[in-house]
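First comes the structure, then the notes that go with it.
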Amino acid sequence: MSLLRRAETCFANQQVNKLLNAFVCPRDEGTLISEHTSNLRDADKRRDRGTSIKESLGKAYLIALIGTPKSAIDGCLIAVKDNICTSEEPTTCASAILKGFHSPYPATVVEKLKHAGALIAGKTNLDEFGMGYTQDGGSLSAGGSSGGSAVAVATGQCDAALGTDTGGSVRLPAAYTGIIGFKPSYGMVSRWGIVAYANSLDTIGILAKDSSMARNIFDAVEGFDSRDPTSIPVSTRSRIAQQLLERKAKQGWGDTPSVRIGVPREYNTAELQPEVRRAWLETLQGLRNQGHTIHMLSLATTKMALSAYYVIAPAEASSNLAKYDGVRYGNKNSASERADNVLFASTRGAGLGEEVKRRILLGSYSLSAAAIDNYFKTAQKVRRLVQRDFNNAFALSHPLLKRQDGSGSEPKVDVILTPTAQSLPPRHSSLKNKASIDSYSVDFLTVPASLAGIPALSLPVSIAGQDGIDQNAPTSVGIQVIAQYGDEEMVFAMARSIESLRDIKQLS
């Protein structure tokens, strides 16, 4: 199928699925087609010319350089979460306080996508400022906060999408909607042009139908960015690449498929639903049959990670969102023109949602002089322990941290495999009666990797016997692949192995 025809199908799906609210500013099909037709036809020509050159080696090499596709994602429609700045459309973060805000510049990742030949399919919906856990996916929750991006990909409204992952905001929606959700190592992809929620945790994530598309997008957007102070420098990237080459040479990766897979005891919680646990065990058995080895291990501080996250993230959010006051940023509340109104309180009270205000208050308290030692500083110590647990578990050394071996006789592994979520996606009717404090536990299995800053990917594994029982019932659960910092190669390799298990099931 040509890129133009595929894009037309995506645009048609956007119209059919408008009620799912995946896009912040949905546009009519005719406008979308006219806006992108020229670029899509050019991309089709580059792809056709590149194919013909591969088939005919006698063609001039100069033509190959000029006419081949710009990248593996040339002509692909990529949606962008609405907390990632673009110059064409408003960036509102789904908040009333930023309604109509146009960024004067695009984010680095958006520039890189365009340079690679990708086309922006639109801005996707999210929980306000990325602070949330659920969005509409029909009768079931699509998860949050990148739920709009996940729904857009799952329903064929685009080829792939960008989201942001702070504590699981890409992986959880991916698990709930049956697609791939990938969070790279912190600092591998530029954060410049991203509206910050929690600076030390925010990471650009990728949502796609399969791991090969996610890998292609990652290859296009990763790299050092001098405008982002958290971007990993070229020297460190070179050191990581050298580490991976040495591992290949030492272990003979080109000759053997065997990988040491770690299974943390702490992730086998009492709250795991039977379908999730069964899919986890079946995946491990399938990988064992492929020749990989399974090793039980302990990540003791996992149980403390969620509590630490909900101190650190709100604390950073309370600082980052202080600028939305109606003067520096944000829409000023008209009621504040009255002499008896305080400008900041009126503007922020009217412009920010309940969950955002709750987290700002929580963060402000944890940073107060009376509480900072007991809460924020303690949470940072827990975060360091979480990093140490992961660092001690992996055979590959962390390129930025020294190993503090307190793991005793625990095995060293190449990758860790866990469920992404403890349960199947909840129905919206059940969320209405759920206490806010209970809802925070949905990130229990995704937060540890975020605190450690290491790469993690969620991919769908089918639930045996679910097809045909209930049309609205989920047919898959998310399995999470976690690797050492900078080892995205291992994450994608393991994802391909799990996808091959799925392909075998479909053939049988």
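Each residue's number is its place along the chain shown, starting with 1.
Backbone N, Cα and C define each Cβ position, glycine as well.
All annotation found in TrEMBL is predicted automatically rather than curated by experts.
Remember, predicted model here, so these are calculated numbers, not experimental data.
For Lys81 (active site, charge relay system), the same-chain residues 6+ apart in sequence whose C-beta sits under 8 angstroms from its C-beta are Lys123, Thr124, Leu126, Ser146, Gly148, Ser149, Ala161, Leu162, Gly163, Thr164. Marked as active site, charge relay system by TrEMBL: Lys81 (among others).
Neighbour count (other Cβ atoms within 10 Å of the Cβ, all protein chains): 32 for Ser145 (active site, charge relay system). According to TrEMBL, the feature active site, charge relay system maps to Ser145 (among others).
Taking the Cβ of Ser169 (active site, acyl-ester intermediate) as centre and 10 Å as the limit, one finds 36 other Cβ atoms among all the protein chains shown. The active site, acyl-ester intermediate annotation in TrEMBL covers Ser169.
Per TrEMBL, the feature domain 'Amidase' maps to 67-491.
Cα of Ser169 (active site, acyl-ester intermediate) to Cα of Ser145 (active site, charge relay system): a span of 5 Å.
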